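Student: So Swiss-Prot lists these for the protein:
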type	residues	note
BINDING	Thr49, Ile50, Gly51, Gly52, Thr53, Gly54, Lys55, Thr56	ATP binding site
Amino acid sequence: MDAPRINKWLKPLSALYGVGVRLRNYLFDKNVLISNSFDIPIVCVGNITIGGTGKTPHVEYLIRLLHPRYRIAVVSRGYKRKTKGMIVATEGSTAWDIGDEPRQIKRKYPDLTVIVDADRSRAIGYLCDLAEEQRPQLIVLDDGFQHRKVKADLNIVLTDYNRILTKDYLLPAGRLREPAGSIQRADMVILTKCPDDLAPIDLRAAKRDLALYPHQKLFFSKFMYGQGLKPLFSDQSPSAEVRSALAIAGIASPKLFFREIRTRFPSGTDRIYPDHHEFTDREVCLLIQDWHELHRKDANAIVVCTEKDAMRLALRQSSFPQEMQERFYYLPVEVKLMFDQEKVFVDRLLGVIQHKK
């Protein structure tokens, strides 16, 4: 567990930001500002930090556990999309239409209802008004912990094992959207990106640092890159002789991705971009140059990006030369709960669904 980097010069601005956040939370706690309740059970999967906890893989994990046993809908803001208002995703929706993360979910689960709307209450109201045979039995509110206008039946908060929440700082000096103590609003907390060799002393330290209430269940999850590479533009699988890769990541915390890539492909070039990055023409040209340079050294070299980046890079297909397209892959990631916690997790989810039947 690492101590977060704090920009001390921005602490005064963080103090002002904190006043506003605390006031807003106080008004919701005292019912001066109203949270809307709905007839359909709602599970919120959110963060207290501005990203990097693996939220989308955890949303997909929840879907895998309950789908197709239950009709599930996902409601998201659709961050960085180029559209406005409420959009019901289709299989043809792009990352520009609905955002890269909702696009990733819809691509994996095409029969799922995925809606993007900055006004999450409006989107949920739309789902509640659907005919009985279409109405979801569970709504997953993606990144909605701060969206307190919606009252979730279960709040799941994710926090990165490698970035200690209680030692972080409010924006803009740190990465906290609200004070670390806000985690006490959560029903369940998942400590994400845990190492395989997590020891009992580490578990006790995590519980102590988070200072959770007795009713708050703490779970531990790890990333799994066990799946093979998936072709982005073609149907060709990579050669077993590949030793070099141009690795591309535009996510909040790319460390685990690059570590996995370099374990599989020891040589190559790493390119890091901001989270949800929209690749410019110049950046695409530089990636093509990187590819040509690497390919001259190793004729079997490939290009690998994260699964989330694949949703955006797919929009630039025509910009890449054909030979590069044929060697362009993405690396899917899944999460798994550790210490045989899955049954407890599922039972809690089922309890929420059954409670509102």
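Each Cβ is built from the backbone N, Cα and C atoms, and glycine gets one as well.
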Student: Please list, in sequence order, every residue of the chain apart from Thr49, Ile50, Gly51, Gly52, Thr53, Gly54, Lys55, Thr56 whose Cβ lies within 8 Å of the Cβ centroid of the ATP site.
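Tutor: Close Cβ neighbours, site residues excluded: Asn47, Leu158, Asp160, Ala252, Ser253.
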Student: Return one of helix, strand or coil for Gly54 (ATP binding site), based on DSSP.
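Tutor: Once the DSSP labels are grouped into three classes, Gly54 (ATP binding site) ends up as coil.
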Student: Output, ordered by sequence, the same-chain residues six or more apart from Lys55 (ATP binding site) with a CB under 8 Å from its CB, or 'none'.
Tutor: Val45, Gly46, Asn47, Glu101, Asp142, Asp143, Leu158
Student: Please report the number of other Cβ atoms within 10 Å of the Cβ of Gly51 (ATP binding site).
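Tutor: Neighbour count, Cβ to Cβ under the 10 Å cut-off: 17.
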Student: Could you say which of the binding-site residues Thr49, Thr53, Thr56 has its Cβ with the most other Cβ atoms inside 10 Å?
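Tutor: Neighbour-count leader: Thr53.
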